[in-house]
Amino acid sequence: MIQALLVIICLAVFPHQGSSIILESGNVNDYEVVYPQKVPALLKGGVQNPQPETKYEDTMRYEFQVNGEPVVLHLERNKGLFSEDYTETHYAPDGREITTSPPVQDHCYYHGYIQNEADSSAVISACDGLKGHFEHQGETYFIEPLKISNSEAHAIYKDENVENEDETPEICGVTETTWESDESIEKTSQLTNTPEQDRYLQAKKYIEFYVVVDNIMYRHYKRDQPVIKRKVYEMINTMNMIYRRLNFHIALIGLEIWSNINEINVQSDVRATLNLFGEWREKKLLPRKRNDNAQLLTGIDFNGTPVGLAYIGSICNPKTSAAVVQDYSSRTRMVAITMAHEMGHNLGMNHDRGFCTCGFNKCVMSTRRTKPAYQFSSCSVREHQRYLLRDRPQCILNKPLSTDIVSPPICGNYFVEVGEECDCGSPADCQSACCNATTCKLQHEAQCDSEECCEKCKFKGARAECRAAKDDCDLPELCTGQSAECPTDVFQRNGLPCQNNQGYCYNGKCPIMTNQCIALRGPGVKVSRDSCFTLNQRTRGCGLCRMEYGRKIPCAAKDVKCGRLFCKRRNSMICNCSISPRDPNYGMVEPGTKCGDGMVCSNRQCVDVKTAY
């Protein structure tokens, strides 16, 4: 049985309470002092719970007072913080790459909530005392140990009581965006998703995250790798809490410290550094370590005010699923929020604007920030969903296999691992009538839990539809009657006419230019007249067919409708295009698009559909 602890934190009158004090977060001008005291919970009959085999408990509770009122903080260890194949890499003085697989599953990083507060959350490190933050009655409080020898004293304070290191707000370097207008976003938000789209959006998603610490940051922390690792772990724990609201789980799959020299030319030009890091990820990192997304943490001071930069709408892309972030603040949480902000760009989010709102003060995707922000705005959620439905990135749907999860298996982490029949979370969170949350075994006579071909704990009958056809180019999937799993998604053959002969099927979709224009520029947009596409025969402006080694290559006359896509609003005669300096494929006609009768785009050429597939 998992040990549960009740820790009573008694609020004490402290000589320095309310005065200024220097903490790890900086100079705090108002705080309260508390003394944590562990009191083990007792089983029925007064028997004390047995000590767990691990160093840190899976669940804990803390009771203390905030502003004179008692609160109970529930904590559960973030069991999925590290992937099963997590590695750490550093470099020897002679340049040799040294990679290890340290045991990190018995860690001290927790998520939690305040009892009886539905919207509360908490992120706590219990490695050496209690350090982190919790939300209580709409406000954010921080807790960290006081550096007093032989004392269990901790400080509790609000972020508003931390004196800023400087008055310059944190600014993201992203200036190019993918949105068109406020009206466009509002209209898009009013569109109704299909049931299949809703299922896709509601599906659990995973990001296998790789973090690189550059040599400048390494030297800033006096080459102390344990200190750097602890900071990074705290950052990922905070990011995980932020992204849980979007049904994303971020698993740290690797941490690399450039302990000898920088492996790229890290420079003050943030755009140049991002470009070089993206190339390094594609050419050097991915061949030796798989990951869905990577970020470079650097100690360099970027030119101007930006403290981070990322590609927009690029998750899963070998080069552009990347970001760079400056380690600009001693407050770890501020850097973590910047990391979450830049990852938000990778996931299709733009900067918030006037009508964008979230439950607490600042939102994660605000352009400027001097205070922490832990929630995404309504705009960010809509833009993120629109991006997911348009691009359907696949790497984030890869649910880890049971053999890839932490070994030995941990019951209660929502992953069905080796030896488990189901996993519906902790006993307090489990909503399943089919699964025993304590044992992670199916209830008596239950055949299944919550899979697509499971209904009331029994397999659905053979030929019951478990996944409807999404469109002309998809096929429905039917249950077998022998399994709870829905069969693998299959599609119509490539080249089959679709949408009343407007297009041809390609990998389960019907790519036509009209829909691509709407995805790029919003509702009410149409494809431009044919003469606009002749601009693709030239390399001036936005016309081109493809890029080769940074050089624009024009289209042949027969291929002009396989290059840049041109769209228009209403009866406009202007040839409009969409470009992104960081994504050469943005705004291009999609592969498989119809470019003439019996013709489709393949490798930027308009070819016969019969020979294309």
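Glycine too: its Cβ is placed from the backbone N, Cα and C atoms.
The disulfide bond recorded by Swiss-Prot for Cys567 reaches one of Cys505, Cys510, Cys517; that cysteine is Cys517. Summary of the site annotation: Swiss-Prot records Ca(2+) 1 binding at Asp292, Cys395, Asn398. Screening the candidates Glu208, Glu465, Glu477 against this entry identifies Glu208 as the one listed for that site. Cross-referencing Cys430, Cys434, Cys435, Cys440 with Swiss-Prot gives Cys440 as the cysteine bonded to Cys411, criterion being a recorded disulfide. The disulfide entry in Swiss-Prot for Cys435 points, among Cys422, Cys448, Cys453, to Cys422. According to Swiss-Prot, the residue from His249, His351 that belongs to the Zn(2+) site alongside His341, His345 is His351. Swiss-Prot gives the label N-linked glycosylation site to one of Asn436, Asn576, namely Asn436. Here Swiss-Prot annotates a disulfide bond for Cys473; of Cys434, Cys448, Cys453, Cys505, the partner residue is Cys505. Here the Cα atom of Cys601 (disulfide bond) is found 6 Å from that of Cys595 (disulfide bond).
Cα distances from Cys510 (disulfide bond) to the recorded positions Glu208, Glu420, Cys555, Cys567 are smallest for Cys567.
Val490 (Ca(2+) 3 binding site) counts 11 other C-beta atoms within 10 Å of its own C-beta, drawing on all protein chains shown. Per Cα geometry, Cys606 is the residue among the recorded positions Asp292, His351, Cys440, Cys466, Cys606 nearest to Cys505 (disulfide bond). Within 10 Å of Cys486 (disulfide bond), counting CA to CA, the binding-site residues His345, Cys395, Phe415, Glu477 contribute Glu477.
The two recorded residues, Cys435 (disulfide bond) and Asp423 (Ca(2+) 2 binding site), have Cα atoms 7 Å apart.
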